[in-house]
Structures are given as structure tokens and as C-alpha cells.
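Below is one structure, written out as C-alpha cells, with a few remarks after it.
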Amino acid sequence: MHSESDDNTAGGTPGSEDPQAEESSSPAEEFEEQERKLAPEDSTVQLIHTGCTDKRPATPPGAHPGQGFVPPEGGFGWVVVFAATWCNGSIFGIQNSFGILHMMLVKHHEKQPDQASQFKVAWVGALAMGMIFFCSPVVSMFTDHFGCRKTAVCGAFVAFIGLLTSSFATTLGLWYFTYGILFGCGSSFAFQPSLVILGHYFRQRLGLANGVVTAGSSLFSMGLPVLLKKVVEPLGLPRTFQILSIFMLVQALLALAFKPLLPSGMCPMPGMALDGGPSTPESASRWQKGLAKIRRYFNVRVFSILTYRIWAFGVATAVLGYFVPYVHLLNFVKEQFGDTQREWLLLVCIGASSGVGRLLFGKIGDLIPGVKKIYMQVASFILLGVMSMMIPQCAVFEGLVVVFVLMGLCDGCFITIMAPIAFELVGPMQASQAIGYLLGLMAIPMTAGPPIAGLLHDHFGNYHVAFYLAGVPPIVGGIVMFFVPLVHQRMQKRRKETDDPSMDKMLKNCSNGDMLPGYTDMETHI
């Protein structure tokens, strides 16, 4: 029966008006003819031909889900959570305790009186914090190419070398390189994979996982000030750096647990590379392949998403004054209240409240759908700015405790919800690039904040103006970020209005067998 049909088809003359010849033409040929007639609506025909509806969760433009990948939501993921907790805690515990290191560095240079010493010493900690974020776009490329495990292990080892060599430095110039550059860059390569790897093991409970990681790391922010003030400081600055380097050596070992579940070679969609760009044919020239590889690792596709651009700009604006209290707090307390011997308690308070905030807001973030999570960051940044302005108004030490408890809660909310928002805006396949570019945009303002505050202190003789001005950027950034969910909602409404109104009619015709001549109703449906 098939051979007869084939013979008739082969013997038929194109353009023949013999009805018997028309009946003997194969269904495939008639379908191809019909498809050519419907060329302007080619994508719709392909949808009907597959006979199935797309039931994948909606993703932002340019974001691809990765062939229905479902994270395990636990299991070995909790080991990864522990390793990520140590990573976040050791890095940001050291950074948040830099106020004590700052005082030790200033004391080390007291024999060389310099009116701008606060400005120069502040650059040591600011460089380290800035490099963590400045290197993030490069870290994204390394993470995509080499994976989370190799990137994090190498980064932690570089940070270990930076802290160890800092113990032998004797000048600010050397500390700029060993602590600011080496430790900062190594921390960046160790830190960012710890954010990305959580998305490989959690999705529904990603906010909780981030909350556990960041809350556990707050224990370091609480314990390290006590360790530095009561135990390490009497040993001197060199021993301090040597002891801190042990934390990063342990991190290099724990990072071996960062086993990715989304391999770099997996393509999320047919014909697409991992980053969402078009795949390069085998016959392409060497130049084209080179350009394709460059486009992959310097992928700026995330910036085509308007909501991501607004969010990234708002966060980068807000962090200009974010790190100022951590660096200059202890010197401010010493000038405002004298030698109270209790100033280190403020770092413990901000670490403890930040841990509570990360657990609390991590769970709350899982309950808030979609991009509306950004409203949590909006509130935290605005309150953070107001609290920064309140610091000079505190006439008693207990007032500072209240202010820094609230600032810790805001810090916990901002840190915990950052990765889930990135996943919501760009999807899991581009989350690494999105986080990397965001942290890179944060680098310059976060680095510039503490030295500017030190310069204002040297000019005015106190920290009042510095803390007042440090509160302005978080408020402005929060206002900018407020519009992200509104823009997202407007874009969704516009996409619904521009949907093809004839789709329902075409599906109805298809169900009657009209769309595919030569096929039965059941065959058309299949």
C-alpha cells in the first residue's frame, strides 16, 4: 500500500489536475505545501505540529530553564550549605571585623604622624571589599568554564596566601597588595561560587538555604570581633593575619564539596549554547568560533532585561555608604565616648541581628512570589540609610546598640534575598552572570565609600558629616528599586496584549483536522 502510494507520487506530474493524482499525493508533501503557504506564521505551525503545550514555568526574556532540571532540595545539598556557610562566614566575618584591624593599623602608624592617615588606612579594607565585588564578572566566566568547585578552591587558596603574606608586610603599600588585592581577589573567587552552587541543589527552598548560609556566617561576624579583641590583638598584627589565614585554608578544603549539578556542557535549548546564545556550527571558521567563545564568556545578555538593569543600578547606588560604618565605627565610638572598652560589642550586635535577619527574611522571601521580593530590599535599604544618619545623634552607647541591631536586620535582609532575586529576574541558567555583573557594579561605590568618609573626617575633624552623607545613597537606591516590580508588571501586561489573537482559532481548526490535510483528527492531534 505504501509502495503504491510512492509510485503514484513519483509518477505524478507537477501541476497535474487529475483528481486521482491529487488523492495519491503523500500527506507529508501536502503538509509541506500547506506549511509554505503559512510561512508568516511559521512558529505557530511548529507549535501545533508538536501537539503539546508548553507547561514549563514562565521565565524572563532571555532566560532558559535548562531542560526541566529539578534540584534535589536537600540531601548532599546540606553539606554544600555547610561549606558555603564557612565560606561566607570566614570572608565577611574578617571583612566586617576590619574596624578592629583598622585601629591596629592606625596604631601601627602612630609613630609617623600624617593628617590623612585615616584616609590612607581606610584604603586597606576598602580595597579588599571592593576587589571582592570588582572581580565578580571575571569570576562568573571562570565559574561557567571551570565550574564552582575548581574556582572556589583556587580562590580560597589565593586568599590564604594573601592573609599569610600580610603578616610579613610592614608598610601600607604592601598591605594594599597582600590584604587589599590578593585577599580581596581570592575571596571573590571563593565567595561567588558559594552563591551559585546553592541554585544547583535548591529552588523551592532557595531562600531558606541562603538564609541558613548567611545566618550561619553571622556567627563568624559575632565571634571574630571577640577573638580579635580579646585573644589575637595582644599577640600583635602579624600573628593576627596568620591566625586569620587558617580560616581560608579550611575553606579551600571545604570548597571541594561544591559539586555542580548543571554541567557547563549542557545546553538549555536545542541550538542554544549554555549562556543562551546561538551554538556555533562545526563548519564555522576559527574566527567565528573564537568570537562565539568570547561572547559566551563576556555574556551581557542579562542586561537586555530591563528589570535587571534597574535593580542592578539601584543596588550599586545603595552600597556607596554601605561599608562606611563597618570601617569607621570603632574610631567613631572612641572619639565620641572615649575609651569605653565596649566598642567591639557593636560588631557582635550587628553580626547577631544580621544572622537573625537572614534566617527570618530568608524564610519570608520563599513565601513572597516572583519579583515582589525586591520590596524587602527596598525597605531594608531605606531603613539602613536612616539608621546611618542616626549614628551621630546617639548621645549614649546604648543608643548605638539599638541602631546597629536594626542595621544588622537590614543587612541580613539585603544579603539573603540577593541571589533569589537574581534567579527570579534572569532565570537559573544566567544567574551566575547576573550575580557576577551585579557584584562588579557594586565594587566601585563600595570601595569609594570608606575612603571618602575618612577624607571627610580629616577635613571636618569628626565623623558627623560622613555618616549623614553615608545614609543618602541607600535611600536613593531603595527608591530606584521600588519601580522594578511595577515595570515587571507593566511588561507582562504589554506581552499579553501583543499575543496573537488568532491562536485560539488556529488551535480549533487544528483539532478539526483542517490545519494538516491528509491527516486524521487523531493524527493531527498527535
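Glycine too: its Cβ is placed from the backbone N, Cα and C atoms.
Here is what Swiss-Prot says about this protein:
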- 1-73: topological domain 'Cytoplasmic' (TOPO_DOM)
- 1-44: region 'Disordered' (REGION)
- 16-28: compositional bias 'Low complexity' (COMPBIAS)
- 74-94: transmembrane segment (TRANSMEM)
- 95-121: topological domain 'Extracellular' (TOPO_DOM)
- 122-142: transmembrane segment (TRANSMEM)
- 143-156: topological domain 'Cytoplasmic' (TOPO_DOM)
- 157-177: transmembrane segment (TRANSMEM)
- 179-199: transmembrane segment (TRANSMEM)
- 200-207: topological domain 'Cytoplasmic' (TOPO_DOM)
- 208-228: transmembrane segment (TRANSMEM)
- 229-242: topological domain 'Extracellular' (TOPO_DOM)
- 243-263: transmembrane segment (TRANSMEM)
- 264-309: topological domain 'Cytoplasmic' (TOPO_DOM)
- 310-330: transmembrane segment (TRANSMEM)
- 331-343: topological domain 'Extracellular' (TOPO_DOM)
- 344-364: transmembrane segment (TRANSMEM)
- 365-377: topological domain 'Cytoplasmic' (TOPO_DOM)
- 378-398: transmembrane segment (TRANSMEM)
- 399-419: transmembrane segment (TRANSMEM)
- 420-434: topological domain 'Cytoplasmic' (TOPO_DOM)
- 435-455: transmembrane segment (TRANSMEM)
- 456-466: topological domain 'Extracellular' (TOPO_DOM)
- 467-487: transmembrane segment (TRANSMEM)
- 488-526: topological domain 'Cytoplasmic' (TOPO_DOM)
Item to check | Cβ-based contact of the transmembrane segment (378-398) with the transmembrane segment (122-142), 3 or more pairs under 8 Å | outcome: no
Checklist entry - Counting by DSSP, what is the helix, strand and coil composition of the topological domain 'Cytoplasmic' (143-156)? => result 13 helix, 0 strand, 1 coil
Checklist outcome for this item: Its residues classified by DSSP, the topological domain 'Extracellular' (229-242) shows 13 helix, 0 strand, 1 coil
Checklist outcome for this item: Top stretch by Cβ pairs under 8 Å to the transmembrane segment (208-228) (candidates 74-94, 122-142, 157-177, 310-330, 435-455) is 74-94
Next on the checklist: Which residues of the chain, 6 or more past the ends of the transmembrane segment (74-94), have a CB below 8 A from one of its CBs?
Outcome noted: 132, 152, 156, 159, 163, 187, 190-191, 194-195, 197-198, 201-202, 205, 209, 212-214, 216-221, 223-224, 244, 247-248, 250-251, 254-255, 257-259, 351
Checklist entry - Do the transmembrane segment (435-455) and the transmembrane segment (157-177) share at least 3 Cβ pairs under 8 Å, sequence separation 6 or more? => result no
Checklist outcome for this item: Of the listed stretches 122-142, 157-177, 399-419, the one with the highest count of C-beta pairs below 8 angstroms to the transmembrane segment (310-330) is 122-142
Checklist entry - Against which stretches of its own chain does the topological domain 'Extracellular' (229-242) lie, if we need a Cβ under 8 Å and a gap of at least six residues from its ends? => result 100-101, 104-105, 108, 163-164, 166-168, 179, 344
